[in-house]
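Visitor: Take a look at this one; I'll ask things after.
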Amino acid sequence: MGSFHSRSEEVQELADKTGFTSDQIEHLHRRFKQLSGDQPTIWNLRQAPGGLADEINFEDFLTIMSYFRPIEMDMDEEQLDRFRKEKLKFLFHMYDSDHDGKITLQEYRKVVEELLSGNPHLEKESARSIADGAMMEAASICVGQMEPDQVYEGITFEDFLKIWQGIDIETKMHVRFLNMETIPHCH
Amino acid sequence: MQAKGFGGASSFRALPFLFGVAALLGLLPLLHSHGLQPNPMLASEPPHLYPPGVHGGKPGVVTSPPPENVQDTPPQYKQPSNQSKPTRKAFPVLGIDYTHVRTPFEISLWILLACLMKLGFHVIPSVSNIVPESCLLIVFTENLGTILIFAVVGTLWNAFFLGGLMYGVCQIKGTGLNEIGLLDNLLFGSIISAVDPVAVLAVFEEIHINELLHILVFGESLLNDAVTVVLYHLFEEFATFPRVTFTDILLGFLSFFVVSLGGVFVGVVYGVIAAFTSRFTSHIRVIEPLFVFLYSYMAYLSAELFHLSGIMALIASGVVMRPYVEANISHKSHTTIKYFLKMWSSISETLIFIFLGVSTVAGDHRWNWTFVISTLLFCLIARVLGVLGLTWFINKFRIVKLTPKDQFIIAYGGLRGAIAFSLGYLLDKSHSMREMFLTAIITVIFFTVFVQGMTIRPLVDLLAVKKKQETKRSINEEIHTQFLDHLLTGIEDICGHYGHHHWKDKLNRFNKKYVKKCLIAGERSKEPQLIAFYHKMEMKQAIELVESGGMGKIPSAVSTVSMQNINPKTLPVDRILPALSKDKEEEIRKILRNNLQKTRQRLRSYNRHTLVADPYEEAWNQMLLRRQKVRQLEQKMNNFLTVPAHRLDSPTISRARIGSDPLAYEPKSDSGNLPIITIDPASPQSPESVDLVNEELKEMKRFPPSPEEEEEEEGLVMRASKEPSSPGTDDVFTPGAGDSPSNQRMLRCLSDPGPRPDPEEGEPFIPKGN
């Protein structure tokens, strides 16, 4: 979908699907073209195996970006709640790399290690113990007191929601899409 | 004297102030005699009471004759004896000389009185911990734009609106105010329009309102200092000019930027110097608090020297130095600084309001109904209109809009305080309107502090405004927030949007790469934020554990979730480590605590300049490290323990497995001294653990870690040795086979953690981290 032939229709379609306005879609499309070098898709820039897809097209790009839309004034309670859940679901998927619906200890450890990977002096020990501590805390929040032989499989989405209760994700997880500059900014 | 810069965190209730004023009325005679007012009584004292010769030439001392001054023998005695012959007094073994201590005595008495009243009306406030303060700073930086707009534009609006309206009122015939010119009114407006940080802080601390509102009003009150300073000086100067030209106004506008940015710059410079100094204080910990106080105060003074904004300098220096100094100084210095500042702020606040009260009671007043009432009215109206207008404007740019409830609280929380009064007090004495201005200022202050301050709490409850969240930040939240930050930075990069996160990220990277290296000592410069946070949390938990250890209750933060719950790799049947019940944990904790306390008591004398590294603190660090390692090694053990109960080759094989695991035995490069329990073997008072350790040390020497060696069965032992060749970590649970002897030994240990374990058993001492 590199060039918009029946532009307005496609734009309208995308707008309905993702909730962006057509201005924003135009902006993003320009940005997409920059990043992809006018190709129809963006390649997996990471060059590491394990990503789910090697390339994404503009529609996927838009879908992902739609998770970062700021909240609007005219949303009611139910819409806000749904919005919030969507964003959290997105985050949850980022943690849960094998997509089995649970964040296991291994996955959590990996996340923390990656977070701290910017620092070469860090020992893996610290990352692990932090992840373990966090997992234990999550278990105690979600399940409370546990018997010694009970096993906590992993953080499910409901538990995840519980942990995030204190944090206002709607206000944090957003990007202002209209103030973008199309600056060549690829690593 | 400018009574500024006394931000503090202590509570204040207006009611004690009422009592204070009542007490002051009682003390009024003393006040008079102290020269607060020129005392007509001075000359009226009969001169013969104090002939110069008798008192060694102290003619200036004036008191209402204190009744218990026995040295002042009644005059009729003095005079004849003085004239007749030189008196010979016996050597005064005990005497009273009230005049000698009078000034500090009375000041202390007043402060004491005020503090006693505070005690009577307050619950002792709980100690705030580090985390909420950093939350406040984050909220502050996120809302900086809003705060600045309120501070600058709001104050300007207040000043001009009020000044203008008052000028209008003054023009009305018949009020007796006609001689007050426009500039005078504008000057008055600029004095009275400043929201006062002390009053705001005192009131808002009490009502526990949500952080956003708190920081909006408080931040505004701090940052409007620059505006106030500029306006005040501007109008004061303009009053002396024959006419005000456009260039003057332009210069005034320019000076605002100079004042505020200059103040910030001075503060930043001092902050950096302070951070840099703190890098080198690791050997002389005692003077660390002194550095912090002095540098902050110097920042304030230097700014005031150049007529820049002292408060902004103070804030800037504090903000800049805080992350680095906190990383560098010891825990004790941190505590000292915190409590010293609280104490000083408490005293200063008390003194400010006492001074206010005294001036109310003893000062010259010129009461003019019209002026005062209209000032009060217009202050309120100006504030409300200003807040409404600005919020409408600001809400266009905010994600989280300010609701009308918020706006009401912001408007209602604009309290005036001692800053306004000081500015008025500083007016030139020859200024004709000074007394009237002061009267009006005091009235407004009283009204806002008493009426608004006292009623804001019920109003907050009535309007159901969101209150402060009391929950601590958990480590999950920290991880998630950081993750989100990273994610958003990435997304912003993809979009090419130079947003909030982009700049924050750039600042962080700059900070990490260059600044931290210069300003933080040693290892901690490389510590990422998550680690530092985790460190702090562990420290706090460990301290909680100790403090509650004696009472035998487990702190609520610690649940019974342990590693087994989240990472069970073993079949439940084979678990050798039974979970410790609460009693056992408590016993172990008690033993630990006793030992640590004993080492602390042995701290020998130290001189003021070299403070020996506190074994208590070190012991804590070691205990933390140990707990951490216990956790890690537990899970490693669980990984490797596939040994069912009766296999015989287990000792060597399992030891081999453990031995081959590089991670378990990697000697920590950053711990110079291998973690040990700081138990002094020579101390005779702790037989139980001492013997244990002795036994273990002896045993350890016979236990090199080579897998091939056939060793006798030792069961679960604890290493306490310092041998470099041995595995660097302590508390290695060398798993024995699941043989009965070792199991029994272990179980015996756990079942009998009493004070006198059998020495020859060499019973292992297992401090189980949670």
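Yeah, the Cβs are placed from backbone N, Cα and C, and that goes for glycine too.
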Visitor: Select from B:8-26, B:407-425 the stretch of residues annotated by TrEMBL as transmembrane segment.
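Guide: Among B:8-26, B:407-425, the range TrEMBL annotates as transmembrane segment is B:407-425.
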Visitor: Quick check for me: are there 3+ Cβ pairs below 8 Å between the transmembrane segment (B:346-363) and the transmembrane segment (B:407-425), leaving out pairs under 6 residues apart?
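Guide: Contact between the transmembrane segment (B:407-425) and the transmembrane segment (B:346-363): present, because at least 3 Cβ pairs are under 8 Å.
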Visitor: Given the transmembrane segment (B:250-276), which of the listed stretches B:216-235, B:369-395, B:407-425, B:437-460 has the most Cβ pairs that are under 8 Å apart from it?
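Guide: Out of the listed stretches, B:216-235 contacts the transmembrane segment (B:250-276) most.
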Visitor: For the transmembrane segment (B:407-425), find every same-chain residue at least 6 residues outside the stretch whose CB is under 8 Å from a CB in it, and list them.
Guide: 1-4, 150, 191-192, 194-200, 203-204, 209, 213, 216-217, 225, 228, 232, 352-353, 355-356, 359, 379, 383-384, 386-388, 391, 434, 437-438, 441-442, 444-445, 448-449, 452-453, 456, 459-460, 463, 465
Visitor: Take every residue in the domain 'Sodium/hydrogen exchanger regulatory region' (B:557-642), average their pLDDT values, and give the whole-number result.
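Guide: Here the mean pLDDT over the domain 'Sodium/hydrogen exchanger regulatory region' (B:557-642) amounts to 58.
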